[in-house]
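These come from TrEMBL:
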BINDING   HIS93, ASP131, HIS339, GLU343  divalent metal cation binding site
Amino acid sequence: MLSSRVCLVPKTVRLVHSLICSSSSSTMDLKALLSSLNDFASLSFAESWDNVGLLVEPSPPHTVNTLFLTNDLTEKVMEEALQKKANLILSYHPPIFRPMKRVTWKTWKERLVIRALENRVAIYSPHTAYDAAPHGVNCWLAKGLGVCTSRPIHPSKAPDYPTAGTHRVEFNVNHTQDLDEVIATVKGISDVSVTSFSTRADDEEQTRISLNCSQQALMQVVAFLSQNRQLYQKTEILSLEKPLLLHTGMGRLCTLDESVSLTTMIDRIKTHLKLSHVRLALGVGRTLESQVKTVALCAGSGSSVLQGAEADLYLTGEMSHHDILDAASQGISVILCEHSNTERGFLSDLRDMLVAYLENKINIILSETDRDPLRVL
């Protein structure tokens, strides 16, 4: 038995070595890689105010052998990425957020763009798309709480409507009106789909017309129906909503299988985030021995996401002074860990997920110099 175990070691080493060699010699076209990244976590789930996706693109064609992951792209991190021969930098936070009026050597963000282009390095940022993803940053943060069930605080909407069109228009046609003419007219309008069925209203048999249409087509449908007072007076217009996604969205409301003391929860969070200190605001009437059953969390800056969430504890990177006071007044304790400390640890999980998702086609490495700018002294 001992000899068989010894024989396994060189085989394992050769397997690992072959995987490393094959990945380092493989490349992906930038466009194909971006498509795969979007399939992995759709950018459509990012917040409307965010600046996500490909931010810097070298002249095509551009191939990627090494994908470099970082939470924040600083000049020090850029130097590391160039030393490690990165072809694409995935920066969780977008280094370009506000519009640039010029690209000179004057400011550090302009210098990032210049150095990226000079060295043919692309820059991509997913930011809030990864916050919302079912396998994203907030779900990683929730892993540190203990066994729990979670759901988004603000669920995302599906990218598409369940049916064609953004509006539904319904009305009845009685026997005194020309049903065929009405159906033919509405069917003649672009972006309209029509169904009809028999119904009984006002003690007579009628035909119920139900049609789905776009915003633009809606105006034409209303214009037609308004020509007939009988049709128009009883017309119902419904605005269709995209369905909510149960596991995708901003923040997470987590319910622990078993409640624990606040002290225990603090220790769990510090262990998960590898922190020696966190900041704590005790809720009114709460102590370190108070039980925690529900936790509302948001990686990064949680004020707007957590506002109004009912929980025993808020967990985030940073919140405004007055939002902390509001939460505490409601008996909700607040733990702050500094902004990027609630995000950066996710990158290790992301690397493993992307290695599997991209089938080891490229090298994926983590920044060793990226860190939160704040220190507790």
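Even glycines carry a Cβ here, placed using N, Cα and C.
Other than the site residues HIS93, ASP131, HIS339, GLU343, same-chain residues with C-beta atoms no more than 8 angstroms from the centre of those residues' C-beta atoms, the divalent metal cation site, are ASN71, TYR92, HIS127, VAL137, ALA299, GLY300, SER301, GLY317, SER340, THR342. The Cβ of GLU343 has fewer other Cβ atoms within 10 Å than any other of the binding-site residues ASP131, GLU343. Spatially close to HIS339 (divalent metal cation binding site) yet at least six residues away along the chain are GLY300, SER301, GLY317, GLU318, ASP372, judged by Cβ distances under 8 angstroms. Around HIS93 (divalent metal cation binding site), the same-chain residues at least 6 positions away in sequence with a Cβ under 8 Å from its Cβ are ASN71, ASP72, LEU73, SER125, HIS127, SER340.
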